[in-house]
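Trainee: Please read through the structure below; I'll follow up with questions.
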């Protein structure tokens, strides 16, 4: 039975020319299958490669068979021998030597032997190089070196297979769309078709080394097209880290990007890696290889262990630092960040210097009502020596061993320590009038931070002495001046400050109520009842007793101008305690809301009360109130929290540490049941964290803050304007955070949460807002935009816009309400109806923004300043109200208080004339403060470095305004900083910024969103030029500027994401996102267009994005931008477009054809012919068009592309590529033969002949193949070239020593000879037979492998043909 089956199988098997029997299939390649064969004559096994003739024309088939017959003459132990070829009607069969063990690629498969050790790879690669040396000597370039084409015998002998013919098959295939070779092993010049040479095989050898070591070649994790892109784009393929130095150097030699710098195969055979492995092989291949491999692994492991240990030590060091910080942050006092940054670790001298700029915060001893009772005796008893001792230890960073952390003791000592902080900041010259407001907040912050390094004994030194409860000093704050005590004069900031003003406030002490209180207290002191009491309870009872006699309403008294300043503090303390006690969940909703609102007003009047609140109560009670499911309560509590943390980094850190961030974040989401008011309060809280300090920003990010910022990028820009601004500025702050976390990680988090589509939608909205605002403001789109520098004082900045076309940006700001006690009026408009930009993200200018020059206008004139101040003094008494009235009015009236139109307009004009602000792009938050009306006592603009800026000390100026001559000091300080503040007026209090430069971002944002909201007050004056004319125009201009500023920021954000890694870029490559982005190309102005094009260009550098860009019609949208001709950004725009198109079209013929269809060819030719610097992109693109498709070649011819190619023959660098493009165009010419006709012109023929004659030696080898294509594809061109001087040039170069050049020259001479009109004349005139004979007889001495075998064979066959023609 078995014999019958065998017989049956034998009869079914195929035979080839009755000489070979086809057996099993043993492989499959790009152009056919490989079968095992049996030679029926001698029984030898052979390999038979079967190639389909479906797409190969007869002419090319003959060439291929001639090539095989030529290759039969090659004979070397390290190459597979060609035995012949056979042709049937449907297939070409190539007969090859059979190598029994198969390919190395098959052996290293994971299910077989796996990757080889370096030593074994060296053994195999040495033999590969031997084979290549032979092939290259014979003039053959393999072009497809890889593991699958390296075959082995049982004895370990390596043979190179599949050389020479693959190229011919690829060129003959009329449907091919790829370059020759296998993608992952291809050299860059092969991919770019810029001239294949022997060095191309060396690159492939390097790829094969990595393949044998890792089982896969470089870039194998990519698809073929992206892999080709990376091969051309990268400096060199990735080399595994674990390799030895020798093999790494070997690979670097192979991967030289410039083929001329790569060593040849013969040189690489002497490389140390190959030599050392050969010596090791002689002793013991297997043992030596194993030991070496183990040593490498051990060394690598030890290195990794050392790295891990170093990292662990570094990490542990960081942890120690963190733990120390944490331990100090547990102090009960507010200064939890005293040791967290270097700027806080000030020396006494530093503090003294800061003290010279101390503020008016310290007027009236900077009284905190509940602490003022304990303060005065410390004033008398603290000595300079105490101060020096205190700070000496503080500077050394000593910490108490037994620190008492009870809140009561902290309270008890706060005032004393606070006072010491003030003592240290007293200037030496007490008579100087230089007390400015350069650092108003420092007094409070330094005082609060100081105790964190004070020992227990030092704290005891500042404990409350007997008699500390005396109110004598409290009610006589100025009496000490007359006493003239030097010690007290030098340590009392309020005394010196008030004394400078020569204020008559002491007359207020003659008030009857104060007289009665002092008399009562004096009586009690004489009776000894209160002399030793440190408890304020008896004191308050005394006060209340006196007050009952006069039946005074506390609520009405708080802001009653008739009550002297010294009488307000104890009354506010009582009110403060009552309000705080009502902040409990069991209180009614109305009570909680009312208490929160009154506390907000109180904190604005006296910001130092915040210290008391945070120290005694903290944020936890407020967090409990946030659990109440009532919107009014939540909103009111959030307002209170925001007022407390405003511009105070310590309080913000405190709030973060107790877990307030996640709680507030829960109110920031876009849930439908969440009121907009609550959301904007939460947004302001988060904005403060982002913009105050790096530490709070880190805590915000750690609590998953980035997704919250993404959520603020609402689609409805008109409705959520400021929230969108907050998100944009917040993202920039995140990106600017200088920490070990890579920016790419932040990009990935944001991209994962959907920021990219939101950014593009925001970009669209902002662009529309810019366009509409520009149109409405009368801008024609060509007028220059003032982005920084002085504002024109002749043009009013703020006003009411009467047109309705700005509806998109005329909405009230989301974050601009209720933080001044309700809907706040704009600081800059002349109407109290507009809301001010309280939560001002506009002040953020990230470093990523391009810097703009900023300037500040000269300070205001003295007379103008006095006018403003006098105006506000007049209105003081008429507009004061109680806390309750303040809150009710703030909540109930959106148009503010009725004031005369003259009063409204004058402050605005003063601002315009005196201090036109300018933008400051320093990367820091500029600080702009404005006072606008009864609804706001202090503007709330965020500050990144609060300690560098001035703050207002509540309403102490408000109480002392009529007496302190601050205007004089204001003039001396050269600013309006000390202008007194009156809450009913619409005036600008301050325009401050770091180094004197203020940001208009806040002003412009407030104007754009607040002023445009429209109460009609400004427009009520039809005859005023400032009401609806210039003001409306300037509002529109500034609105456009604000939108344009954020438009640029969004474009820069997109650019940041486009620069990120592949994962982030993949989020950008969704179809809808890219389509919307590309649609904006013709909508945006050139600066924004340039940024969007940069994004596209960055995406095009990632091979994984190319397919997505193609599907989104990137090429179709990019090319029209090349039509731009005018403008200073045209070159940059063209650069980005061409670079992106170059990346898209490189290698890929489909995209090249798409670019040609969309009209790129005329643009490319223009760049080339005008010798533009951008021709570096245009030239390769234009040359690639010849390879793309018939349609692209037709367009090339129609636009004169062939003439450009011919002109490029004079360009040394591009000549070879241009010649190859000409050859391709001719080879693919259609039946009309238009390319042939163009090349037959006399000037074209002459250019070709001249180029061959003058071609540089280094390019000579590369031009022979294109010339061979040209003369073999067109016999007419062949004859014309031959009779116009090409023939003698060909024959004269036969003495070239390179075998590849000689072989191609012989092929050219043979082709010319076969079509020459006068062959005998050619033979005789050029003495061709003798030159051929010299080639045949060459090599007598010492050349190995029999010399240039193929050259001799070719010369011999040509000589025989000449002999026949001579005889005939």
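Every residue gets a Cβ built from N, Cα and C, even glycine.
These came from Swiss-Prot, pasted as-is:
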BINDING   26, 27, 28, 29, 30, 31, 32, 33, 34, 49  ATP binding site
REPEAT    86-125  repeat 'HEAT 2'
ACT_SITE  144  active site, proton acceptor
REPEAT    218-256  repeat 'HEAT 3'
COMPBIAS  388-399  compositional bias 'Basic and acidic residues'
COMPBIAS  470-486  compositional bias 'Basic and acidic residues'
REPEAT    533-571  repeat 'HEAT 4'
REPEAT    628-653  repeat 'HEAT 5'
REPEAT    654-695  repeat 'HEAT 6'
REPEAT    699-737  repeat 'HEAT 7'
COMPBIAS  813-826  compositional bias 'Basic and acidic residues'
COMPBIAS  836-852  compositional bias 'Basic and acidic residues'
REPEAT    903-940  repeat 'HEAT 9'
REPEAT    1025-1063  repeat 'HEAT 10'
REPEAT    1067-1105  repeat 'HEAT 11'
REPEAT    1196-1234  repeat 'HEAT 14'
REPEAT    1258-1281  repeat 'HEAT 15'
REPEAT    1348-1368  repeat 'HEAT 17'
Trainee: What does DSSP give as the helix, strand and coil breakdown of the repeat 'HEAT 7' (699-737)?
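Mentor: Each residue of the repeat 'HEAT 7' (699-737) counted once, the result is 28 helix, 0 strand, 11 coil.
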Trainee: Given the residue listed as 'active site, proton acceptor' and residue 28 (ATP binding site), what distance in Å do their CA atoms have, once rounded to a whole number?
Mentor: 15
Trainee: Specify the count of other C-beta atoms within 10 Å of the C-beta of residue 32 (ATP binding site).
Mentor: 18
Trainee: Around the Cβ of residue 34 (ATP binding site), how many other Cβ atoms lie within 10 Å? Please give the count over every shown protein chain.
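Mentor: Around residue 34 (ATP binding site), other Cβ atoms within 10 Å: 19.
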Trainee: By Cβ count within 10 Å, point out the most packed of the recorded positions listed: 26, 28, 144.
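Mentor: Answer by Cβ density within 10 Å: 144.
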Trainee: Go ahead and report the DSSP secondary structure tallies for the repeat 'HEAT 2' (86-125): helix first, then strand, then coil.
Mentor: 12 helix, 10 strand, 18 coil
Trainee: Residues sitting near the repeat 'HEAT 3' (218-256): Cβ under 8 Å, six or more positions beyond its termini, same chain?
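Mentor: Apart from its flanks, the repeat 'HEAT 3' (218-256) reaches 118, 121-122, 183-184, 186-188, 191-192, 202-203, 205-207, 209-210, 262-263, 268, 271-274, 276, 296-297, 300, 1101, 1103-1104, 1106, 1143, 1146-1148.
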Trainee: Could you give the number of helix, strand and coil residues in the repeat 'HEAT 5' (628-653) as assigned by DSSP?
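Mentor: Secondary-structure composition of the repeat 'HEAT 5' (628-653): 20 helix, 0 strand, 6 coil.
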Trainee: Looking only at residues six or more beyond either end of the repeat 'HEAT 11' (1067-1105), which have a C-beta under 8 A from one in the stretch?
Mentor: 222-223, 225-227, 229-230, 233, 751-752, 756-757, 760-761, 763-764, 767, 770, 1047-1048, 1051-1052, 1054-1055, 1057-1059, 1111-1114, 1117-1118, 1120-1121, 1124, 1127, 1129-1130, 1132-1133, 1136-1137, 1139-1140, 1143-1144
Trainee: Quick check on the repeat 'HEAT 14' (1196-1234): DSSP residue counts for helix, strand, coil, in that order please.
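Mentor: Computed counts for the repeat 'HEAT 14' (1196-1234) are 27 helix, 0 strand, 12 coil.
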Trainee: Tally of helix, strand and coil residues over the repeat 'HEAT 11' (1067-1105) according to DSSP?
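Mentor: Helix/strand/coil tally for the repeat 'HEAT 11' (1067-1105): 29 helix, 0 strand, 10 coil.
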Trainee: Which residue counts does DSSP yield for the repeat 'HEAT 15' (1258-1281) in the helix, strand and coil classes, in that order?
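Mentor: Per-class counts: 23 helix, 0 strand, 1 coil.
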